[in-house]
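Going by Swiss-Prot, these are the annotated features:
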BINDING   11, 69, 138, 142, 143, 144, 204, 226  GTP binding site
BINDING   69  Mg(2+) binding site
COMPBIAS  429-447  compositional bias 'Acidic residues'
REGION    428-447  region 'Disordered'
């Protein structure tokens with residue numbers, strides 16, 4: 001079977017990861033001790049995508065938990081599903097990265113990375129046919145961003161032909177946890193551009209907005225935000241875990257979603273959004289799902305897709321529904337909003353359908369968009385980066401760990417290149433001169 005090895009790094013990564021395991025354990029009928037109490041064979045049919053079967057019929061998540069301080073790990077361990085993880089798969093340091101990317105990437109993290117890779121190797125060896133890796137982390141802190149990207153590049157070296165998928169929480173425009181977020185995020189993006197196949201950009205502010213506006217929560221907690229993220233993660237991986245009429249795996253997704261290797265930053269969305277306490281009392285229809293799914297208010301990254309154009313889109317529907325209706329609705333959206341889809345990639349919307357809906361819903365849809373509007377997010381980080389870097393503010397924390405200013409300059413220009421690549425394809429049309437395209441291609445290759 002096509003297994004996925006899951007890695008969660010840093011505080012944010014571990015909290016999102018823990019939520020993710022709660023949700024998919026629930027979907028597969030697995031209780032907090034790892035025992036199966038489900039009611040359908042379908043739950044077990046492809047359970048080994050995410051779980052190892054241990055002796056006595058226990059199911060153990062194929063998860064590796066990494067952090068540079070023990071705090072978050074302890075709270076995961078004492079959380080609702082804390083006992084389901086394999087104890088050897090908790091790898092943590094004592095010192096913490098102190099929100100410093102350099103500590104995560106070069107000093108503290110580099111000391112711990114070999115013991116993490118040993119665990120990764122163990123997990124990969126117990127796989128029958130490893131499909132790829134998924135990492136949950138944030139880009140604003142020290143461990144998830146610095147050590148997370150270090151892990152990615154090390155795993156890339158060892159498993160070059162496996163898909164590398166990340167769920168990356170990007171610093172928000174308004175909600176900021178740390179002053180040095182722009183530095184950490186820019187240095188991380190510099191790595192992600194080169195080393196991942198698919199990166200889902202998730203943004204706390206967008207999640208807050210969804211909680212306020214759609215879910216009507218007056219004071220959203222991180223628990224609520226993480227619940228939204230885990231819904232998306234569960235949706236993206238549905239096709240791998242359950243049989244469906246039209247299946248997609250990580251690689252198919254990458255092939256359909258990434259027209260140019262550097263442009264692999266996606267905006268996720270989910271429908272129907274329901275507040276945690278209130279299970280909905282109305283029947284959902286496919287048209288409603290598609291409508292809500294493409295709605296700008298539904299995006300989990302703080303970018304407005306109406307400010308750019310979609311290069312590609314993937315939609316994953318869950319539940320019993322007519323394929324014909326799904327296809328009609330998707331076409332309908334594309335025809336009505338054709339100006340928001342680039343015309344030089346015909347049929348750029350891929351749909352997958354899985355028969356099994358999430359707990360408590362008749363049907364749901366997960367949206368993944370590769371839109372040029374994501375450049376807003378990178379522009380925002382880049383502006384904040386430049387403002388601080390121009391004055392060399394806070395730099396001593398990084399140079400003190402052995403980093404060089406050059407590395408900052410490189411990361412900055414790589415991010416700016418990314419923005420201009422998105423911009424270039426936003427403006428490109430189908431009938432421009434081919435010569436112009438070749439020159440551009442050449443430039444991109446030279447960069």
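Glycine residues also receive a Cβ, built from the backbone N, Cα and C atoms like all the rest.
Positions of Swiss-Prot features highlighted on the structure.
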residue : record           : CB count, 10 Å
11      : GTP binding site : 25
69      : GTP binding site : 19
138     : GTP binding site : 29
142     : GTP binding site : 29
143     : GTP binding site : 35
144     : GTP binding site : 34
204     : GTP binding site : 25
226     : GTP binding site : 22
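Spread of the GTP binding residues is 23 Å (greatest Cα-Cα distance among 11, 69, 138, 142, 143, 144, 204, 226).
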